[in-house]
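One structure is given below, encoded as structure tokens.
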Amino acid sequence: MNKATVVSGIRPTGYLHLGNYFGAVQNFLRMQEDFNCYFFIADVHSLTTHPTPDNLQAGVKQVLAEYLACGIDPEKSTIFIQSDVPEITELYTILNMNAYLGELERTTSFKDKARKQPENVNAGLLTYPVLMASDILIHKAHFVPVGKDQEQNLEMARKFGKRFNRMYKSEVFPIPKPFTFDGADLIKVPGLDGSGKMGKSEGNAINLFDTEKDIRKKVMRAVTDSGPTEPNSEKPEAIQNLFTLMKIVSEPAVIEQFETAYNQCEIRYGDMKKQLAEDIIKVTLPIRERIVDILDDNEHLAKVARMGAEKARESALKTLKEVKELVGFRKLY
Ligand code: ADP
Ligand code: TRP
């Protein structure tokens with residue numbers, strides 16, 4: 001039987017952080033065993049924030065090394081760099097004709113970015129969901145493993161896929177679904193600065209590439225308060241975030257111990273942070289060591305990128321051909 005297809009990407013705008021790892025990459029690792037997977041580095045998307053050419057190139061190499069260090073296997077999955085597959089941007093041009101200003105302006109990620117970089121509200125930011133839809137639809141993906149923050153962008157991809165199918169009376173695009181294992185919700189890994197999600201542009205990220213010292217320092221600086229004064233109090237957001245992270249990286253018995261201490265107003269945040277830092281390091285340190293080794297091996301990185309580009313282009317070209325035929329780009333010669 002044919003395997004279902006999976007597509008997902010990460011922008012090379014910095015190091016991979018715990019949000020990327022637990023929100024996306026961990027699912028990639030399990031999915032590559034049973035699905036036809038395309039995991040890519042979204043360097044075209046990165047241009048919306050105007051990185052310098054050197055930073056962009058370094059970011060692409062870093063994320064490629066990090067994918068491999070996490071265990072994404074180029075023999076099982078297709079790992080590629082988005083700009084190596086020009087068919088994606090060709091599909092983007094076509095899909096843009098059926099994407100409307102109103103719906104693009106209403107996207108939360110657009111509104112957020114426009115607020116964060118008011119000096120650079122470019123057309124690429126506005127049509128970001130169309131490019132993301134092209135990434136997904138070009139491989140006829142059935143599933144897209146992403147974190148909670150991408151839910152709306154994925155909904156747009158579904159909408160653009162359905163709209164194209166309807167307009168051209170075809171079933172060229174399967175309608176992609178968000179994916180997690182065992183029906184779990186899409187996750188949001190919080191930052192340690194007392195609010196919101198962990199993110200590269202939030203400046204609150206704990207990276208897979210951070211040293212042990214960096215991680216201890218970042219965790220010890222996490223925002224807390226003076227502790228509860230009533231037993232079984234509700235947790236303020238900053239404290240809840242600390243517990244949420246602990247639920248992701250620590251053993252159940254450890255979490256239980258700090259929950260009990262909190263409920264009995266005996267919690268010592270210093271101890272909790274020390275424990276949390278060590279449990280994060282247990283996850284990240286072996287990955288960091290592999291990243292360092294892989295970054296040294298330019299030949300291997302080049303080979304993986306070349307192989308991925310070939311496989312991804314083959315799949316992309318097939319879809320694009322069908323799409324062009326459907327819209328009426330038919331040869332006169
Ligand atoms: P960032 O948000 O740090 O710039 P990306 O936007 O490139 O990173 O995100 C790549 C993937 O990582 C997406 O699937 C996204 O949903 C996931 N992701 C990013 N941050 C988080 C987070 N804090 N919690 C869960 N998933 C996240
Ligand atoms: N927009 C995603 C993010 O910022 C990254 C991304 C680009 C993506 N294209 C994609 C994720 C296609 C899944 C599928 O997190």
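Cβ coordinates come from backbone N, Cα and C, glycine included.
Automatic prediction, not curation, is the source of TrEMBL annotations.
A quick note: this is a predicted structure, and the numbers were derived from the prediction, not measured.
Database features (TrEMBL):
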type	residues	note
BINDING	Arg11, Pro12, Thr13, Gly19, Asn20, Gly147, Lys148, Asp149, Val189, Lys197, Met198, Gly199, Lys200, Ser201	ATP binding site
BINDING	Asp135	L-tryptophan binding site
MOTIF	12-20	motif ''HIGH' region'
MOTIF	197-201	motif ''KMSKS' region'
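Taken as a whole, the motif ''HIGH' region' (12-20) shows an average pLDDT of 96 in this prediction. Of all the binding-site residues listed here (Arg11, Lys148, Lys200), the one with the fewest other CB atoms within 10 A of its own CB is Lys148. Local packing around the Cβ, expressed as the count of other Cβ atoms within 10 angstroms, is greatest for Asn20 among the binding-site residues Thr13, Asn20. Close to ligand 2, meaning a Cβ under 6 Å from one of its atoms, are these of the binding-site residues Asn20, Asp135, Met198, Lys200: Asp135. Separation of the C-alpha atoms of Arg11 (ATP binding site) and Asp135 (L-tryptophan binding site): 12 Å, rounded to the nearest whole number. Secondary structure from DSSP puts the residue listed as 'L-tryptophan binding site' in a helix.
Each residue contributes its Cα atom, and for Met198 (ATP binding site) and Asp135 (L-tryptophan binding site) those atoms are 24 Å apart. In this structure the residues listed as binding ATP are Arg11, Pro12, Thr13, Gly19, Asn20, Gly147, Lys148, Asp149, Val189, Lys197, Met198, Gly199, Lys200, Ser201; their two most distant Cα atoms lie 19 Å apart. Note: the Cα of Thr13 (ATP binding site) and the Cα of Asp135 (L-tryptophan binding site) are spaced 18 Å from each other.
In terms of DSSP secondary structure, the motif ''HIGH' region' (12-20) contains 3 helix, 1 strand, 5 coil.
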